[in-house]
């Protein structure tokens with residue numbers, strides 16, 4: 001049956017609309033080669049600044065990974081955690097006097113802007129820097145998906161609402177918080193393995209080393225020397241201890257071995273191996289670093305895909321601490 005001219009026009013318009021929709025949809029996806037032509041030297045810029053920073057203070061690597069985690073869990077991976085101002089996530093309870101690494105991100109952004117002005121988002125810089133921090137400290141390397149754009153505001157209230165798991169979280173709470181972000185229990189355990197590097201403040205583990213039973217007594221006593229029982233509310237709250245006391249500056253699977261020996265620093269760490277549903281996975285990771293690293297990479301990529309701003313949403317900030 002022949003179509004009328006008006007029908008043909010309608011079908012053509014519909015086909016054109018569908019094509020444009022598909023093009024728009026695909027362009028909004030994150031891509032491993034997003035900056036291949038726009039800013040091919042972005043990876044060199046990020047890594048060169050990081051190598052210098054981590055040579056001076058290896059802990060900065062863990063701080064950058066934590067920035068990535070705290071950014072993605074609060075309204076998606078949009079660089080909002082970097083913003084100053086009245087709605088800043090930096091002053092939310094889980095982050096205040098705790099999150100670090102902002103100056104390193106600033107230095108990276110400055111170098112990237114000199115190479116490619118207005119092209120690379122702060123959200124992508126944090127993503128690349130988290131990957132490179134793991135690799136520089138001896139962990140796996142992987143290709144990161146890029147193309148995120150930056151939010152124009154922070155989300156103080158959301159950061160304060162409980163979306164970020166705390167150091168005293170129960171296993172069920174940890175599982176739920178990660179599930180809320182579309183991450184599985186396996187993802188949660190693998191990502192917890194980032195605690196193979198970095199340090200925690202006394203205020204985060206004081207209660208555990210004095211009041212809990214599922215902790216090696218000699219390990220607890222060693223931690224108590226730098227975290228006095230009656231020092232709550234004093235500057236000693238900020239005394240730090242390594243999350244992995246065996247290899248604190250090397251990304252490996254010792255963290256999981258520590259848990260089996262009841263030497264997890266935080267309550268939320270030891271909850272992963274405390275007679276619950278994740279015990280078997282902790283044993284697997286403690287025995288096989290390759291399996292841990294593969295699952296860690298998968299989980300990092302999944303976490304980086306949480307609600308990114310793409311296409312025309314958001315902006316490319318010129319400075320990471322404030323919107324344009």
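Please read every residue number as a count from 1 along the shown chain.
Even glycines carry a Cβ here, placed using N, Cα and C.
Keep in mind that TrEMBL annotations are predicted by a computer and have not been checked by a curator.
Pulled from TrEMBL, these are the features on record:
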{"type": "BINDING", "residues": "165", "note": "substrate binding site"}
{"type": "BINDING", "residues": "195", "note": "heme b binding site"}
{"type": "BINDING", "residues": "196, 244, 247, 252", "note": "Ca(2+) 2 binding site"}
{"type": "DOMAIN", "residues": "29-324", "note": "domain 'Plant heme peroxidase family profile'"}
{"type": "SIGNAL", "residues": "1-28", "note": "signal peptide"}
{"type": "SITE", "residues": "66", "note": "site 'Transition state stabilizer'"}
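Features as recorded by TrEMBL, highlighted on the structure.
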{"residue": "66", "record": "site 'Transition state stabilizer'", "contacts (Cβ under 8 Å, 6+ apart)": "99, 100, 101, 194, 198"}
{"residue": "165", "record": "substrate binding site", "contacts (Cβ under 8 Å, 6+ apart)": "173, 174, 177, 178, 268"}
{"residue": "195", "record": "heme b binding site", "contacts (Cβ under 8 Å, 6+ apart)": "243, 244, 255, 265, 266, 269"}
{"residue": "196", "record": "Ca(2+) 2 binding site", "contacts (Cβ under 8 Å, 6+ apart)": "243, 244, 247, 250, 251, 252, 253, 254, 255"}
Most Cβ neighbours within 10 Å, among the binding-site residues 244, 252, goes to 244
Given the recorded Ca(2+) 2 site (196, 244, 247, 252), which additional residues of the same chain have their Cβ within 8 Å of the Cβ centre, ordered by sequence? 197, 246, 248, 250, 251, 253, 254, 255
Report, as a single number, how many Cβ atoms besides its own are within 10 Å of the Cβ of residue 247 (Ca(2+) 2 binding site). 18
